[in-house]
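Engineer: So TrEMBL lists these for the protein:
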BINDING   H82, D115, E178  Zn(2+) 1 binding site
ACT_SITE  D84  active site
BINDING   D115, E150, H363  Zn(2+) 2 binding site
ACT_SITE  E149  active site, proton acceptor
DOMAIN    191-298  domain 'Peptidase M20 dimerisation'
Amino acid sequence: MSTAAAAPSFDPCDPVAVAQALIRCPSVTPEDGGALGVLEAALAPLGFVCHRLRFEEEGTAPVDNLYARLGREGPNFCFAGHTDVVPPGELKGWSLDPFAAEIHNGRLYGRGAVDMKGAIAAFVAAAARHVKAGGAPKGSISLLITGDEEGVAINGTRKVLDWMQAKGEKLDACVVGEPTNPKALGDMIKIGRRGSMTAFLTVHGAQGHVAYPHLADNPLPRLARMLAAITAEPLDAGTPHFQPSNLELTTIDVGNPAHNVIPAQGKATLNIRFNDLHTADTLLAWLRERLDRVGGSYELDHFVSGDSFLTPPGPLTELVADAAERVTGRRPEYSTTGGTSDARFIKNFCPVVEFGLVGQTMHKVDEHTALDDLTRLTDIYGEVLRNVFDRLG
Ligand SMILES: [Zn+2]
């Protein structure tokens with residue numbers, strides 16, 4: 001824990017300066033690159049109590065995280081995000097150095113500019129302005145920042161939340177700063193996410209000579225019938241806030257180089273993105289029912305990256321939508337599309353929505369954000385901070 005820190009070399013009220021300081025830290029997962037230190041330097045002088053949390057587990061790289069809180073009273077409003085970034089890839093593809101944070105034609109370039117150092121900078125600047133304007137919170141403002149979102153996400157948000165629970169740190173509402181807007185700031189708030197499950201099917205038979213099939217048992221016709229059975233009909237037709245669940249076969253593998261051998265087994269992998277009508281357990285039962293109808297010996301393994309969740313439209317979604325509308329003039333759509341995020345862990349602790357920058361260049365070469373978007377996102381987060389304790393308290 002550190003409560004005092006040297007004054008930062010940048011103005012914490014300026015989102016562009018904070019974003020540049022963050023982008024200049026090469027924090028490709030699991031490296032921190034100094035990014036959390038930038039945040040501590042900005043937050044500690046404002047009165048935030050900062051906890052650096054390093055987690056590690058056998059077989060994984062240690063990862064640094066930060067939990068910072070201003071105020072001791074509830075409710076505790078939390079901004080969550082990640083300072084780690086995906087690798088820049090081939091440097092030749094970039095027009096500007098991905099870690100130089102250069103400004104060109106009104107845009108800030110660099111890895112993490114939109115996913116999601118820009119949004120973190122916007123929230124830090126909004127909090128700094130709020131505090132300097134004398135708006136000490138009626139509750140608490142906190143930041144939960146992980147360095148392990150783009151990787152395996154084992155030593156990140158999930159462990160910080162466990163640590164918080166053990167310390168009696170309660171969260172009452174959370175905004176995650178992922179780049180949720182498809183084209184323009186104000187397009188979209190994510191109010192939930194689909195779940196994701198990957199399943200591995202192995203169908204067993206008995207190897208043999210193709211000319212003596214009565215001495216063998218070919219698993220491939222059964223594998224083909226099983227895959228036909230699970231793709232024959234959609235899982236559902238969607239729900240009021242979710243698109244239909246979707247099952248995709250991602251690979252079918254036999255690996256049999258011989259034209260005269262019946263193989264002993266065949267394998268297939270599939271991924272299901274599922275809505276709030278399903279859980280991993282109900283999906284496994286749905287799959288097994290169809291596989292059993294074909295029959296024969298098979299194994300079904302799986303892993304779940306996240307269950308689906310929904311924060312139904314209510315005080316938190318309205319708070320963020322009103323703030324976005326006031327600044328951009330447009331009312332964001334509520335959506336549950338896209339991949340998973342750390343909101344999948346936070347939803348077990350408090351209502352959570354996601355709103356950040358425009359996602360068009362995330363994970364791409366020449367990732368960039370318009371400076372104007374950074375400024376307006378800061379205003380939106382500021383509007384949220386001004387109203388959150390009256391409206392959610
Ligand atoms: Zn992200």
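From the backbone N, Cα and C atoms, a Cβ is placed for every residue, glycine too.
Note that TrEMBL annotation is computational and uncurated.
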Engineer: Relative to the mean position of the Cβ atoms of D115, E150, H363, the recorded Zn(2+) 2 site, which additional same-chain residues have Cβ within 8 Å?
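Structural biologist: Residues close to the Zn(2+) 2 site, other than D115, E150, H363: V85, V86, G112, M116, M362.
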Engineer: Cβ under 6 Å from an atom of ligand 1: which of these recorded positions qualify? The list is D84, D115, H363.
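Structural biologist: Only D115 qualify.
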Engineer: List only the single closest residue to H363 (Zn(2+) 2 binding site), chosen from the recorded positions H82, D84, D115, E149, E178 by CA-CA distance.
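Structural biologist: With Cα distances computed to H363 (Zn(2+) 2 binding site), the winner among H82, D84, D115, E149, E178 is D115.
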Engineer: Measuring Cα to Cα, tell me the gap between D84 (active site) and E178 (Zn(2+) 1 binding site) in whole angstrom.
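Structural biologist: Between the Cα atoms of D84 (active site) and E178 (Zn(2+) 1 binding site), the distance comes to 12 Å.
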Engineer: Within 10 Å of each Cβ, count the other Cβ atoms, then let me know which of the binding-site residues H82, H363 comes out lowest.
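Structural biologist: Sparsest of the binding-site residues H82, H363 by Cβ contacts within 10 Å: H363.
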Engineer: An 8 Å radius from the center of the H82, D115, E178 Cβ atoms defines the neighbourhood of the Zn(2+) 1 site; name the other residues of that chain inside it, in order.
Structural biologist: G81, M116, A119, E149, E150, V176, G177, P179, S341, G356, M362
Engineer: Say we define neighbours as other CB atoms within 10 Å of the CB. Which of the binding-site residues D115, E150 has the fewest?
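Structural biologist: Each of the binding-site residues D115, E150 was scored by Cβ atoms within 10 Å; lowest is E150.
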Engineer: Helix, strand, coil residue numbers for the domain 'Peptidase M20 dimerisation' (191-298) per DSSP?
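Structural biologist: Across the domain 'Peptidase M20 dimerisation' (191-298), DSSP assigns the residues as follows: 30 helix, 39 strand, 39 coil.
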Engineer: Going by DSSP, give the three-state secondary structure for D115 (Zn(2+) 1 binding site).
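Structural biologist: SS state of D115 (Zn(2+) 1 binding site) = coil.
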Engineer: Count the other Cβ atoms sitting within 10 Å of the Cβ of E149 (active site, proton acceptor), across every protein chain shown.
Structural biologist: 25
Engineer: Mean pLDDT for the domain 'Peptidase M20 dimerisation' (191-298), as a whole number?
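Structural biologist: Averaged over the domain 'Peptidase M20 dimerisation' (191-298), the predicted model reaches a pLDDT of 97.
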